[in-house]
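Asks: Got a structure for you, questions after.
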C-alpha cells in the first residue's frame, strides 16, 4: 500500500537537518558575517502500485555555511587571498591602462586568454581547489549557451576596464558597488523575484550616495561612468544565467567548469571580433602609443595570472560561505578598494564625494542585511505553514499501534 507523505514528516528522518532557532525576533538582523543555515526542502513521493518504497528527492538546493562561517580558518584564508588578488589586479589594470596607455580590449583579451589556458590545465591536472570529473553528457544547447554567457563575461571585463581607463579607481569602484540596484531589477524582470519593503528602502542611500559621487567627482567622464553602469547590468545578466547553469537539475556545472567554458567561448568570439574591427578606433584608446617590450609583456602575463587567481579564490570562498555573506564581503572589498586607491594613486576627492562613498557603502550593507532578513522571514513563514496539522493526510506510521494489530 502506498502512502502520500507530507514534507514535514520527512524532515525528521534526515540527519543533520537544523531547526530554526526559537525565540528569535523576526526583526533581528544578526551579525554582519553571522552563521546562516537553511533547511533543505523535501518533496513527497508516492510508490508504484506494487511497491512499498518511499522515495525522497531534493527539490531545492540551498547553501549551508559551516558553524564558523567566514571566521573558519580556510574561509579566512580564501577571503584574504581574494582581497589580495583583487587589489593587485585592480591596481595593475589601472597602471597598464592609464600610465602605459594600454587598450581595454587588449587587456581584457589577455585576461580571458590567460584564464582559459590556466582553466584548461586545471581540467587536466588535479589541484588543491578543484578535482575535475569527466562529464558523460552535455545539454543540447551547450555551445549557444556558453557563447552567450561568454559574450556577457567578456563584455563585463572590457567595460570594467574602459571605466578604469577614463575615471578614477575610487569613482569606478563606487559605481560598481551599486550593483544591488540592478540585481533587484533583473531578478524582478527575469526571475520574477519579489523584494520586500526593507530591501527597497535600503536602496535609497545607495542611489543618493551614487548621485553625490557623480555630481562632485573631479575626474567624472561620461564614457567611464556609462561603462561602469553597463558593467553592472551585464554582470547581473551574467549572474542570472550562470545561476541557472550552476543549479540545474539534469545538467549542473561546477564553478571552475563554467569559468573555463565561458572563458573559452569569450576567446573564440574575440578572435573574429579583433580581425573585423582592426581598423576601427578602439573604445577608450588614448593618443599614446603602446609599445610591447619585455617588461610590458611580463606585466600583461602577470595581470592575466592575477585575474585568474582572483576568480579561483572567489569561487573557493563561495563554497565555504553563503551567497549573502559573500555579497557582504564583496561590499567590504569595494569599500577598501576605494580608499586604497586614494592612498596609492593620490586621487583627489571632495568632502561631498567622501560622504557619497560612505553612503553607498552603508546602503549596500543595509541592502544585504535586508535581503537576509527577508529570506529568514520567508523561511519562518514556510516552516510555520508546513508544521500546521492536516487531518486529510494519512500518517506514515499509525499513531496508536494497538489500533493496527
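The backbone N, Cα and C atoms fix where each Cβ goes, and this holds for glycine too.
Since this is a predicted model, take the numbers as computed values, not measurements.
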Asks: To which of the residue ranges 142-162, 373-393 does Swiss-Prot assign the term transmembrane segment?
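Replies: Based on what Swiss-Prot states, transmembrane segment spans 142-162.
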Asks: Under 8 Å for C-beta pairs, could you tell me which stretch among 81-101, 106-126, 195-215, 219-241, 296-316 has the largest tally with the transmembrane segment (326-346)?
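Replies: Looking at each of 81-101, 106-126, 195-215, 219-241, 296-316 in turn, the most contacts to the transmembrane segment (326-346) are made by 81-101.
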Asks: Near the transmembrane segment (142-162), which residues from the same chain, at least 6 beyond its ends, have a CB less than 8 A from one of its CBs?
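Replies: Here the qualifying positions are 93, 97, 104-105, 107-108, 111-112, 172, 176, 223-224, 227-228, 230-231, 234-235, 237-238, 241-242, 245, 258, 261-266, 268-270, 283-284.
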Asks: So if I exclude everything within five residues of the ends of the transmembrane segment (81-101), which remaining residues of that chain have a CB under 8 angstroms from its CBs? That is, six or more out.
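Replies: Here the qualifying positions are 107, 161, 164-165, 169, 173, 284, 286, 288-290, 296, 299-300, 302-303, 306-307, 309-310, 313-314, 317, 329, 333, 336-337, 340-341, 344-345.
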Asks: Rank 106-126, 195-215, 347-367 by Cβ pairs under 8 Å to the transmembrane segment (296-316) and hand me the top one.
Replies: 106-126
Asks: Are the transmembrane segment (195-215) and the transmembrane segment (106-126) close enough to be called in contact, which here means at least 3 C-beta pairs under 8 A that are separated by 6 or more residues?
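Replies: Judged by the Cβ rule, the two regions do not touch, with the required three close pairs absent.
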